[in-house]
Each structure stands twice: as C-alpha cells, then as structure tokens.
Amino acid sequence: MNTDILIIGGGIIGLACAVELKLRGENVTVLCRNFTEAAGHAAAGMLAPDAENIAHEAMLTLSKRSLYLYPEWVGKLEELTGLNTGYWPCGIVAPVSQKPSNHSQSPGYWLDKATIEQYQQGLGSDIVGGWWYAENGQVNNQALIQVLRSAAESLGIEFQDGVNVEAILQQQSQIMGVQTNKGLFHAGHYILAAGAWSNQLLPLPVRPCKGQMLRLRVPGIVQEIPLTRVLYGENVYIVPRKDGSIIVGATVEEVGFTPNNTAAGIQNLLNHCTRLYPSLADYSLEEMWWGFRPATPDELPILGESYCQNLTMATGHYRNGVLLAPVTAKLLADLIVSQKPDPLLSHFHYSRFEHSPVPNIPFTHSANFTDSKANNSYLKFPEFNQIDSELKIGHKVFHSRLMTGTGKYRSMGEMQASINASGCQIVTVAVRRVQTNAPGHEGLAESLDWGKIWMLPNTAGCQTAQEAIRVARLGREMAKLLGQEDNNFVKLEVIPDPKYLLPDPIGTLEAAEQLVKEGFAVLPYINADPILAKRLEEVGCATVMPLAAPIGSGQGLKTSANIQIIIENSKIPVVVDAGIGSPSEAAQAMELGADALLINSAIALAQNAPAMAYAMKLATAAGRMAYLSGRMPIKEYASASSPTTGTITSL
Ligand SMILES: Cc1cc2nc3c(=O)[nH]c(=O)nc-3n(C[C@H](O)[C@H](O)[C@H](O)COP(=O)(O)OP(=O)(O)OC[C@H]3O[C@@H](n4cnc5c(N)ncnc54)[C@H](O)[C@@H]3O)c2cc1C
Ligand SMILES: CC(=O)[C@@H](O)[C@H](O)COP(=O)(O)O
C-alpha cells in the first residue's frame, strides 16, 4: 500500500500530526496497534507548564507555545467535528503544606492561607497557602482523543486500528517500508509516534512510566460543582470536569509494562486526595485505570529529524503529551511539508542520547537477531541485519530463528561444534533417550552449556497422549536439574506410526490441552493441517510446528500450500519442523513467513555437519530478511530493467 505519510501510532501525538498534515494537503495513513492502550486516554488532561515547574528553558518555551496554540487548535477540531473537547482554561491552584522560602522564583502568584481559601474552600487543614497559575488549565483528554480521531476520519485520513508495526525496514538512510501483521506498508515519509512502545521499533531510550488514576463523582445532592479549578497538590492532583466527575492522579511507577491497578496505587491516591480536599471521602468512586507515559532519560520529548531522511520522530512526551500535542503537530508539519525546521527543535533532537544506554525494559525488541556486533548505541539505527523483531515463545524471547536437535551426529564433539555454528538458542532433546542413555545420548545432557542454550524437551518415542503427558512432566524435571528452573517448554510429539513418523492429530490435541492446563508452553509437532493448527492455538499452545516432510526424510518443503495457510491464520509463532534437507529449502520456508525452523537430520547427516549448520543459520536469516523485505511480484512478461525513455534513435 502506498501513501504520502505514514504515522506509526494513533495516540494523541500521532493523531494531532495526522490532522495537521492532512490540513496542509498531505495524504496520511495512521497505523495503530491498539487505540485504547494509548496514554492519551489514561491522562488527566492538565495543561500545566507552570504547575509542572518545568525548569528546562527550551521545554518551557515549547510548552508555553503549545498552551497558547490550544484555544485555536481545539476550536478548529470542534468546528470540524461538531464535538466538544472539554477545553477549560480554568487555572490551577497548587496548595502547599509548608511555606516556601523564596517567592520570586515561581511563575505563579503566591496565595496566603486566607486567600487560598477564597480561591478554593474546603482544603485540608495542613494547607498553609499555595500558588495560583492563572494561565494553566485543562482539556478533557478522553474527549480530545476521540475528537481527534473523528476529525481524522472526517478529513479522509486512513486510520487503521489493530495494525501492529513489527519492523521498520531501512536501507541506506531511507525507510523502505514497515512490516506489519497486515502486510507491508510503504510511504514517502514516516513518523514514529508509538509512545511508550517506540523502543520496540527503534533503539530509542524511551521507557514506559506507569501512572494509575481514578475518577470520583460529585454526589447528586450537591447543587453546584464545588471544585472549579485544578488542584495541583504535592503528591496528587485533582482535576474537576464540568460534568461533575473528578479525576485524581497519578502514581509514577517504574514497573515496565506491568498492567492493572494495584491496591497500593489506589490507596496512595485516595489517601493523598482526601487529605488535600477532605470532602472527596464521601464522593463515589466510579472508575480506575492506568496508562504508560513515554519517558526519556532527560524527561524531554524526541522530536524532528532522525537518522533516516524520510523518518521523523514524535515520541517521548512523558508527562506532557496532551499539552504538547498542538505544538508537536505544528512544528513537525513545518518540518515535513515546508522543510522549515523551527530552531527550537534542535533541543529535542534524538542525537542528544548518542551515548545513553537503551533501557532494557520488559517486552523490548532490540531488533537484532544475528550474531553481528550488536551495538546498543542509540545512534546505530538498524541496518539490514537488525530490522527484525525477536522471536517470542511463551515467556521467552530469542534472537535466533533456527532450532536444532541432538540426534544422528557421529560424535559428541561434532554435535557441539554444529550447535555452536548454527547460532541456535533452542535445542530439542528427546527426554526418553536421555533418560535411558540410549546410544548416542550418553552424557548428552552434560555436554551442552545450558546456561546459554534453552532446552526444548521433546516427547519423541511416545505413541499416545498419556505417554506424552508423562514424558513432558519428566522433561520439565530434567530441565530443572540442568538449572533451567523456569523452563516449562515441551515439544509435543505423539507418533504412533513408525514408518512415516506422522503425528496423531487427535492424541496431540488431547495431550496439548492437558499440558497447557498444567502450565506448559506447548510446541506441538503436527502434520501441516490448518484446522488442527487453529485448534491447538485455541487451546493455548505456544507455537505450532507443522512438518515440511516426514522426519529425517530430507525431502524439503512438500507441504508449502498448507503451511502458507497456517501462517496466514496463526497468531502464535509457526515453526516449520522436520524434512528440511538443504539451506535453500530452509530459506524457502522462511520466505513463506515461517517464524522459525527446526532442523536436525540435514545438519547432523551432512558430510561437514558444522559447516552445514552455519549454512542453515545463514539461510534461515536470509529467508527471514527476504520475507520482511517483500518479494517483487511475478510478472508474465519481461520488463526492461533500465529506463526505456530517452533512448537515442538513429536518424
Ligand atoms: C496517568 C497519566 C497521566 C497523564 N497526565 C497528563 C496530563 O495531565 N497532561 C499531559 O499533557 N500529559 C499527561 N500524560 C502524558 C500523555 O498522556 C502522554 O505524553 C501522551 O498521551 C503521549 O502520546 P503519544 O501519542 O506519544 O502516545 P500514546 O498516547 O501512548 O499512543 C501511542 C499509540 O501507538 C500505538 N503503537 C505503539 N506501538 C505500535 C506499533 N508497533 N505499531 C502500531 N501502533 C503502535 C499504541 O497502540 C498507542 O495507541 C499522562 C499520562 C499518563 C499515563
Ligand atoms: C529432533 C527433532 O525434533 C526431529 O524430530 C525434528 O522433527 C527434526 O526433523 P529433521 O531431522 O527432519 O530435521
């Protein structure tokens, strides 16, 4: 799909940019993984550059400019949509419980105890005075984000919710496209506005900072809303809306993307807000929620140019993204459409983090799956070998997309060298064979470094569901004994047929259901049957592992049509297992869109097993990269590679 400007992220920032760019004549598409998860819904909507005590000069200028843009900006949006944003320049009172020593530093007006009571009756008894910020105010951010989305839709902006950008494809300082769960998208220009999740796409030092919030309601018997100004306390803020609801926020928690409200978080908010304004204790508690602020190390946003000519940054707005939306949209539209970079942008350039380590946060994709000299330096934008996301199976994340086995090698040394050369991080081990010290498996458990390699115990040799369940439990114990306490993986094989080694679909489903209930991450080996694959996904399997051809046959990708259907429909990783005979077949399976491969015989039985392991590693990576890059369409006729216009004709 082609569009002029493609925006990754449909929160307040992505939408504000989309609307501004569209109004300046650009064709805009917004891709959003999940509209409801945007921090824009979770915020309090304070427009508070003064109350927030912003010390950084450029940030204060940016915030003030945005605040002054607000009335006209929301006016335009309201006119476009006929909807109300709840913009309310109500002023902010910031009560304090200790008198400050120096009044001249503050941008606000000092109110003594008697005066602050006139501004706001009913404050807690420990309040000794406070500041009045007449120019600060609020917007109903939940209304605003909906208004922005309606405005975008009424202007003809394509807003695609449920589209997850999985990788940004880059070539020589140009973004070539984005890989998503709905295919490839291309545009002339791209904007990264993925909020707290930006670090999953590019190695930016943006991390989530969780905030919990709650809503109270003024009792019906109270005639007039008792609060008409935002109260910005020392540990809590109280934001009254015109409809009688009262927003209370917010915790500031460094817990990664841990979801949900907690008893401690809500208790903290309730304690502080009832201390600041005691009558709130009688108000009804209507709702609680949480969100993730996109935080940066210096708490300033990342705006403007990037390392790629056609990628603009609009992320890291931390506590002030609602406030900064209009100015972000304006400055970035000036930059992209009119090529007029505002000098202010230089303070928010990505390069200030050149030497900052990228935060290691839960669910981060470091975008590197090869053994290349991965460098976490922020400036190193992903090159070809770094555009992929990691492979996530169950609770584990892997860089390598090739899994191998341990059987059929001529010696233990050859096996060790091959596993090493394959770069794999997952090795499957037949529990029964190890337990019985079957030929070729003596001392196997001790021969690999299980500190580096994740064991995938398999139930090879089991003919029924019951046997497989029993062996899976043994496998879990085996992994524990080898130091992998949290290893709950099992490669489920239920194979009653000794000639073709084809798995029993009914027994596999039955065993999978039981093992999932027991807390296993189940990776079932199956025939390439799309319906079975779906059923296994529905019962909670961690992957599906359809066969390319019978185990050990080396026949190659015989089941590609069905594997393609499985890939198309699967929400869990699809690992093509068994029958791959050569690197070209491995690449072919990855080009189809498989998430990973399991290859054993083709490596172990090659004349030079370690060299073949290395070839398989390269083929797996090449196939994956080709898949991410988008193959050219096949054409019926030739089409000249060099331009056909401007050729010299003979007179
Ligand atoms: C509790 C709380 C209170 C706050 N209070 C205020 C306040 O009073 N005033 C203020 O100015 N600011 C406030 N903020 C901050 C403000 O909400 C944020 O700075 C702002 O919403 C960030 O906007 P954004 O568009 O960058 O990110 P978000 O609003 O988080 O939107 C990002 C969007 O990108 C999508 N996305 C992410 N990754 C991908 C991907 N790979 N592919 C496709 N889509 C993707 C997400 O699904 C999401 O919808 C608060 C924030 C919180 C959490
Ligand atoms: C080791 C293992 O689990 C094999 O059963 C797997 O199915 C790989 O098959 P190939 O040996 O054909 O690669």
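Heads up, the Cβ atoms here are built off N, Cα and C, so glycines get one too.
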Identity of the 1-deoxy-D-xylulose 5-phosphate-site residue among G552, G623, G630 (reference: A578, G579, N600, S601, source: TrEMBL): G552
Between K491 (active site, schiff-base intermediate with DXP) and A578 (1-deoxy-D-xylulose 5-phosphate binding site), the C-alpha gap once rounded to whole angstrom: 13
DSSP-derived class (H/G/I helix, E/B strand, else coil) of K491 (active site, schiff-base intermediate with DXP): strand
Sparsest-packed among the binding-site residues, when each Cβ's other Cβ atoms within 10 Å are tallied, from N600, S601: S601
Other CB atoms, at most 10 A from the CB of K491 (active site, schiff-base intermediate with DXP): 27
Position of peak Cβ density within 10 Å, selected from the binding-site residues G552, G579: G579
For the domain 'Thiazole synthase ThiG' (392-643), mean pLDDT (0 to 100): 91
Under 8 Å by Cβ from A578 (1-deoxy-D-xylulose 5-phosphate binding site), counting only residues of that chain that are 6 or more apart: Y525, L547, A548, A549, P550, I551, G552, S553, L598
